[in-house]
Every structure is written in structure tokens, then in C-alpha cells.
Amino acid sequence: MKVVVYVTGGIAAYKAVNVVRLLQKNGHEVRVAMTDAAQKFVSTTTFAALLKEKVVTDLFIQGEIPHIELADWADASLVVPATANILAKMAQGIADDLVSTALLATATMKLVVPAMNTKMWNNPATQRNIALLKKDGIRVLAPVSGPLAEGYAGKGRMPEPEAIWKWFCKQVSKVDGNLPLAGRKVVISAGATSEPIDPVRYITNRSSGKMGAALAQVATMLGAETVVVAGQMQVALPTTVRRVDVTTVAEMNQALNQEYITADIVIMAAAVADYRVAEVAPQKIKKQAEMVLKLQKNIDILANLGARKQHQFLVGFAAETENLVANAQQKMERKNADLIVANDVSRRDIGFNSEQNEVQILRRQKPPRVVAKADKIEVAKEIFKVIIEDGNFNTTD
């Protein structure tokens, strides 16, 4: 998800640094914009070091329209801390600086985390503004009671970054006010397996693990307890998931079998090697004119899980280079999967190690759902929509 963090001029501005860090660690793309007052508390250099890009502070940049660029880019906008001043501007539609103008132009989800002195928070004007913002659909995380900058305790203190992060996850994933996968366990395999030839060489594939990481991020946002059985991955996983590292297919199979019993949803997104070397050389093989490797077929993890399926909702991936739908349909039947996500890995724009994907989701009793080319996080959201629909998952079960 693309998140713009707007930092305004309160003493709690320093906490926004850790909020940005948590968003990044959990796979979100983040940009930061700051008011002039915010820069009195935290420098732009601090945020720029995290972002590896410039912090936006100026409404007037020659050749650019920064407030519209931020508004168009954002999937969600988080104001942290939100001062009484910015709350008033947002409620009344005032646009007199970069931050207020960008927020006025933003049509996607907006979230605010107010922080101020108790007297300012309790002022009727502030409470009217909060009521207006909520009426306009803006999500508000109320301040907590605690020590204030003025030296006494009261309500107005900004929650800690971890609490803000958890609240943010719930807000961006709410479906009719609920987290549809709350109380559910989702197990995802991701990345590439690796089969040794000798102590140096191995057989693997081009999988980056990006699709699996995106699925893990969405599962967490939907409230699930998320476990990732990870092969070789070129991307970080959200810190909110439990990671089980494996190398070979045998190790992945063992780890998945252990997690499978208590799982509600299992998604096999890993690129699993079909074959392994029959005899692994104990020492590095020396160069010679030619070398012949004898391969043995690996265990079919998806078929193994499908044969043992009880209550689990099982999702497989079909990475194909031809006959996409026909091959995926056959795979769903053979492996006893509930869904098969089929993608054409022969295309460089959506194949291994790409930032985007385009898939067809094959279902048991319904026609396939086509997901057009999009960022992998958006594709992951569509996959989970089908899982929740076909698996009848909700928080009341």
C-alpha cells in the first residue's frame, strides 16, 4: 500500500519517525510531507534517511504540483501527529499550505492521530471539528491520557507508534466494520526452494518471493495470524508474521505439515523445485569436460496437503508458460485445491521478480475471476477477496 505520512507541528512529531519505520518494515511504500511547524520539532533529514528520498515541504516547486502528486499517489494518508490546527483546516476545507492543500485534494482514505494539550482537545471547537471529520469518513484515533509536555497528566497524548500501527492495519482492512480473518490462521509458502548439487552449487529458480510477501501483508491486514514458510526471498516480510525459514523441498514439506493441522487457509505461493539431485556430492565437484546429474522427483507438497485436507481452504499457484487455464484447471482437480491462481511466467512484465502480476483465479463452482495487471499487493487483495467469499470466512464463525 502507498501511504503518505503528514507530520504536523506538535511535540509528538518525533514519534512519527517510528510510525514511518513500522509502515516500511511491513511492506508499505511511504512518502512524508511536513508542515513548517513540524520541522521545528523533527528535521526533514531524519525522515529522508529512512525514505531514501526527499521529504515534501513546499507547495511551490517549479515544474511540479506536489500536492496533487501526493494526493494521486496515496492509497491512504496518515496525519501523525494531527494538531488542533490541521484538524480545523481539514474540517473546514482550508488549504493554505502544502499539507492542508494535499489533504483537501486527496480522495482516498484519510486517517488522523490527534495530539495536543488536554484543554485544546476538550475545547468545543476541536470536538466539533472531530465530529465533522468523522462524518466525512475520516478515521480518527483518539488521544490517550498520560503525561503531557506541560508537566501534568491529561488526555491529549498521542498513542505509541505500535498502537498507531495496529490501529492503521485495522482501519485499512475493515470490511463492514470487521476484520474478516480475525481469529484465523493463514499459512503461506513463499520464495524459491533450493536443492544442493554439492556444497557450493544448487538447483533453484527465479522466484523472488514478492507475491508471497504481498499475500502475507494482506493476510495480516485482514486480521489473520499469519505464518510464512519461506524459501529464498529477495524481499522482506512484514514483522507481524511468523517466519519459518527452509531451504529444500523436504524442509518446506515438513514445515508445512507441522503448520497445516491448525491452519484455516493455506496458500502455496512458493516456487517449489520438481526435482532434486539423486546423490549430493560431499565435496565441491571439480571442473571436467562434462557432468551428468541424475535427478529424482520431489514430493508434491500441494497434492500431499490436498489429500489430507479436512477443514483447510487450500490455494495453489500455477506458474505456466502455455495453456494457462487448461493446465491450471487440471492442477486444481489433481491436487484437490479449492482455488488455483494461474499466472503466465513467460511474460517478463508479470513473471518472476516483477513488481506486478496478472492472474486468473480458478474456482470450484464459479467461473474464473480475472485480475488485470496490477501491483502485487493489489493482486493479493483480490485473491483474498475470493478466498473470503468462497470459503465463507467471517468473524462470527
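Each Cβ is built from the backbone N, Cα and C atoms, and glycine gets one as well.
The domain 'Flavoprotein' feature in TrEMBL is assigned to 1-169. The annotation region 'Phosphopantothenoylcysteine decarboxylase' is assigned in TrEMBL to 1-185. According to TrEMBL, the domain 'DNA/pantothenate metabolism flavoprotein C-terminal' annotation covers 181-388. The feature region 'Phosphopantothenate--cysteine ligase' is assigned by TrEMBL to 186-397. What TrEMBL records for Asp274, Lys284, Phe317, Lys331, Lys335 is CTP binding site.
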### Summary
Widest Cα pair spacing in Å over the listed CTP contacts Asp274, Lys284, Phe317, Lys331, Lys335 is 37
### Task
Please average pLDDT over the domain 'Flavoprotein' (1-169) for the predicted structure.
93
### Message
With every protein chain in view, what's the tally of Cβ atoms within 10 Å of the Cβ of Lys335 (CTP binding site), excluding that atom itself?
### Response
21
### Message
By the count of other Cβ atoms within 10 Å, pick out the sparsest of the binding-site residues Phe317, Lys331.
### Response
Lys331
### Message
Under DSSP, is Phe317 (CTP binding site) part of a helix or a strand, or is it coil?
### Response
strand
### Summary
The number of other Cβ atoms within 10 Å of the Cβ of Lys284 (CTP binding site), counted over all protein chains shown, is 11
### Query
Sorted by position, what residues of the same chain at least six away from Asp274 (CTP binding site) have a C-beta under 8 A from it?
Lys297, Asn298
